[in-house]
Amino acid sequence: MKFRQCIQTIAPYQPGLRSQGSIKLSSNENPLGPSPRAMDAVRETVPMIHTYPDGANRELTAAISDRLGVGSDQIIIGNGSDELFLQIAGILLEGDSTAVSARQTFSEYRFSVAVFGGTMREVNLSPQGRFDLQAILHACDDSTRLVFICNPNNPTGTYLTHRELLDFLTVMNDRFPDALVVVDEAYQDYVTAPDFPDSVALLASCPNMIITRTFSKIYGLAGLRVGYAVSHPEVIAQLKRVKQPFNVNLLAQSAARAALSDEDFHHRSREINQLSKTRLTGLCDSLGFSYFQTQANFLCITLAEDLGIESVELPPTALGEYRLPDGVNNLSSFAFRHFNEYGVSIRALQSFGLPSAVRITLGMDEQMQGVYQGLERLAELARKGS
């Protein structure tokens with residue numbers, strides 16, 4: 001049997017791990033769970049699961065259309081954003097096509113490009129953990145068909161402003177008119193920055209953009225897999241050519257419609273996220289830990305400077321009297337094991353290209369106690385090693 005060569009380069013996705021009985025703060029899920037309205041909608045829909053779902057997702061599309069003020073022909077619903085990334089790659093990549101994104105960002109962009117045999121060109125984030133738009137432009141050429149931008153970025157939580165995104169889209173359209181810019185806004189519901197892009201409004205003047213959003217984060221429906229994309233009608237029409245007929249299940253469609261209407265739940269989720277962010281960043285400041293300024297529901301903490309480590313490869317004695325476990329050679333993996341001892345599963349970021357950083361989902365105060373204790377102990381280890 002001869003398998004496609006491009007598939008052989010793909011490493012299986014590494015999901016956030018969780019130790020038995022630990023509090024999961026590794027996958028950026030809503031600590032409140034799903035919207036009560038969504039749960040009610042699922043219960044009401046269960047008796048109908050012997051029937052096929054609406055393959056056109058008409059009711060959910062109409063609800064999103066009303067919310068965003070765009071036509072229903074500008075929206076497509078997906079089995080999570082992941083499916084949409086695959087569809088987008090599928091309508092644009094062929095032959096020697098290339099795509100461009102950051103190295104330190106969501107790995108599904110790289111995966112989608114590889115599945116269709118494209119070449120992903122990756123540039124580093126800026127020292128502030130932001131997308132380096134100039135570097136991305138330099139990496140583009142006439143073979144470029146896709147650019148992926150995560151805004152706010154996973155795993156750093158940093159963002160591009162409205163002006164930055166508009167200017168970038170304008171230059172891309174002038175220089176590389178055959179390229180589509182994918183703006184992944186999975187975390188946009190958590191943003192409080194006033195200069196965050198109004199990306200939907202930008203569509204009127206930027207025909208080269210598609211926006212993806214998800215119900216997995218603030219809406220608490222990660223287990224049901226539902227997301228959507230917004231773009232110009234001609235782009236959406238092409239995506240519908242490659243969409244599976246019943247890609248979003250009946251329960252997911254019903255729950256997503258209900259969650260979209262639950263403004264109280266949305267507001268409470270944002271409020272709890274902000275409180276948790278304030279407390280965690282305050283603790284990091286007091287202990288001397290560095291972190292990226294986040295607009296999402298997680299905090300990316302960098303450990304190398306704080307622990308006095310210059311090399312990514314962490315020697316066993318780098319933390320003074322504390323000897324790292326055998327087989328652990330980077331701070332990210334060490335911190336993952338460390339926080340497990342405090343009953344918390346966090347996300348080690350070596351697979352994101354950040355071997356000296358961790359990402360911690362912002363939870364409710366009772367869920368964060370192990371994080372606080374673990375950070376305080378790390379600070380003690382840092383002092384011993386200084």
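The backbone N, Cα and C atoms fix where each Cβ goes, glycine too.
Annotated features, as they stand in TrEMBL:
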- 23-368: domain 'Aminotransferase class I/classII large' (DOMAIN)
- Lys217: N6-(pyridoxal phosphate)lysine (MOD_RES)
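Every protein chain considered, the tally of other Cβ atoms within 10 Å of the Cβ of Lys217 (N6-(pyridoxal phosphate)lysine) stands at 27. When averaged over the domain 'Aminotransferase class I/classII large' (23-368), pLDDT in the model lands at 92.
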